[in-house]
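Single-structure report; data block below.
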Amino acid sequence: MPHLSVHSWRSACVSRPCCCCVLLGRQCAREDDMPSPIRVLTALDQARTQYYHFKAIVIAGMGLFTDSYDLFCIAPVMKLIGRVYYAPSTSTPGVTPPAVVSATVGVALLGAVAGNLLFGALGDRAGRRRVYGASLLLMVCSALASGFSVCRTRGCALASLCLFRFLLGVAIGGDYPLSATIMSEFANRRTRGAFIAAVFSMQGFGILASSAVTMAVAAAFDRYTGRRAPLDAAPEAADLAWRVILMIGAVPAGVTFYWRMAMPETARFTALVEHDVVKATNDIGRVLTDLDLISSITEEEAAAFRRTTPPAPSSSPSPSYGLFSRRFLRRHGRDLFACATAWFLLDIPYYSSTLFQSQIYRPWFPPASRVNAFQEAFNVAKFQAIIAVASTIPGYFVAVVLIDRVGRRRLQMAGFLLMAAFLFALAGPYDRYWRGHATDAWYIVLYALTFFSANLGPNTTTFILPAELFPARFRSTCHGISGAAGKLGALIGAIGFLWASQDRDKREVLAGYEPGIGMMYALIILGGICLLGLAVTYLFTPETMRRSLEENESEDGQSGHGGQGDVVVQRFPEELAELPKSPASVVSSHVSTSPIHPHRFSV
């Protein structure tokens, strides 16, 4: 159906009653009769998949693409920094101390915790679109600043790098709740899971791009400097190379900034939080061209809506309950606990993957003493690219295919179970067999399958579920809380378990570390954490597949499973009780062209 402007709505009411009149059981006699929130939401849920859905996937996904680029390029960058700022010994090149590596990784994850909480809350107050642009702008500036890092002395360069990595982490954390919420509110309920999973899958391509850029930069500098000897640090060139790698991370975010700002506000936020149904209708009509917003509804649907919708107040009231109030905890506390706990438990073993990277990497590539700085960075990036192509990206693809067929809950449980199985397979014979057979093909296969299982299941589903389970006015905030819990788990996995996994024999401990519990026991604990995640999912996580967002957030909707053709009439969010604003309040905001359809005006 073609896009309908405000004038079209008025004309439609002349020929037949508009949907507001049908729903509220009154005559359509006034000029400002406009579509009700329920019609907008139903039209969004039933809309066919269109070009703009795929455009939104790319726009939202480029943020996560940049996120993964910036997070994963730091491993080869730290190899270059070690060669530049730390003096070599007689037989080994300069190496960045583990404490410095942990600090650099840790500040970015701490920033992500803050970013999830800050931008998640702002997204529910200032609007998804406005805050979305601010997050991306901060990401671009922080990525560029990380490359400049103020000065070239060791202490100053590393301190400024940590500062800008923290700010970059804030931007990265802020992108999580906003990307997921925007995509969930644009999507229809039949393919919503696949669309959000597709946005999240851009992380895999970000890892691949990070590896490709690092390899290209390292190869170019290696050739330019004449392929220096292994212990020749080439500080001038290496110092420039790692800065170039970090600054290139700003390019994909900068390219998509215009399109992100050109996106309209989501119709659900405008209709349910700002209570402006007319603006929501015009905004969504700019990009989704066949929404049937004035088709007739059945008498049963209208009667059910009248029974569940209280009389509209004379003025817009404040929400009936707030975040973390008793009513919120009673209605949504269980879901928030399930989302935050599952994400926290997942990220401990997922980010602990660095535990066995060195064991796999060292037997397959020359030692650092036999390659120069650029070749060492090239080999680390090459290994990351192999893992991304062999396990990370295929896991995301399978998740996109299965998420709306199998369901979120079952996929998350299966992923946790498979992760536990593969971690136990690595842990059991580790001391007796795997330690001396790191080049065995099965060792690499088990390692890759751990990544595959995580991306197939909980790494994807923990991103999707918080964007589906909460009311519109809390959706971004609750997703941010869940994401912050996940990044706290990432801190434990990437730093805590990295140190704890060191051998108990001090003679076998890597340089710069202290003795720990050993790799075998660390892997056993990680497998146990996966089983705990499986139990939490089984006991507390509801299924949201093919159900409207409004049904997912309701008390009655939690008790059943909506089918593809179900009409949600049991209960609607309290925001629907409030009247839309007058058309006059939005006339000025709609005289603008659409970046997606430049020939169309909303007036």
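Numbering starts at 1 and runs along the chain as it is shown here.
Glycine too: its Cβ is placed from the backbone N, Cα and C atoms.
The following features are taken from TrEMBL:
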COMPBIAS  585-595  compositional bias 'Polar residues'
DOMAIN    56-545  domain 'Major facilitator superfamily (MFS) profile'
REGION    579-603  region 'Disordered'
TRANSMEM  56-78  transmembrane segment
TRANSMEM  98-119  transmembrane segment
TRANSMEM  131-150  transmembrane segment
TRANSMEM  156-174  transmembrane segment
TRANSMEM  195-220  transmembrane segment
TRANSMEM  240-259  transmembrane segment
TRANSMEM  336-361  transmembrane segment
TRANSMEM  381-402  transmembrane segment
TRANSMEM  414-430  transmembrane segment
TRANSMEM  442-465  transmembrane segment
TRANSMEM  477-499  transmembrane segment
TRANSMEM  519-540  transmembrane segment
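Under 8 Å from some Cβ of the transmembrane segment (195-220) lie the Cβ atoms of residues 53, 56-57, 60-62, 64-70, 72-73, 76-77, 179-180, 183-184, 186-187, 241, 244-245, 248-249, 252, 374-375, 377-378, 380-382, 384-385, 388-389, 392-393, 395-397, 399-400, 403, 455, 459-460, 463-464, 467, all in the same chain and six or more residues away from its ends. Counting Cβ pairs closer than 8 Å to the transmembrane segment (477-499), the top stretch among 56-78, 98-119, 131-150, 156-174, 381-402 is 98-119.
Counting residues 6+ beyond its ends, the transmembrane segment (240-259) has Cβ neighbours under 8 Å at 55, 58-59, 62-63, 65-66, 69-70, 73, 76-77, 80-81, 84, 133, 136-137, 139-141, 143-144, 146-149, 209-210, 213-214, 217-218, 221, 373-374, 377, 595 in the same chain. Sequence-remote contacts of a segment are chain residues at least 6 beyond its ends whose Cβ falls under 8 Å from one of its Cβ atoms, and for the transmembrane segment (414-430) they are 346, 349, 356, 406, 443, 446-447, 449-450, 453-454, 456-459, 461, 519-521, 523-524, 526-528, 530-531, 533-534, 537.
Counting residues 6+ beyond its ends, the transmembrane segment (98-119) has Cβ neighbours under 8 Å at 70-71, 74, 78, 131, 134-135, 158, 161-163, 165-178, 476, 479-481, 483-484, 487-488, 490-491, 494-495, 498-499, 510, 512-513 in the same chain.
On the 0 to 100 pLDDT scale, the domain 'Major facilitator superfamily (MFS) profile' (56-545) averages 86 in this prediction.
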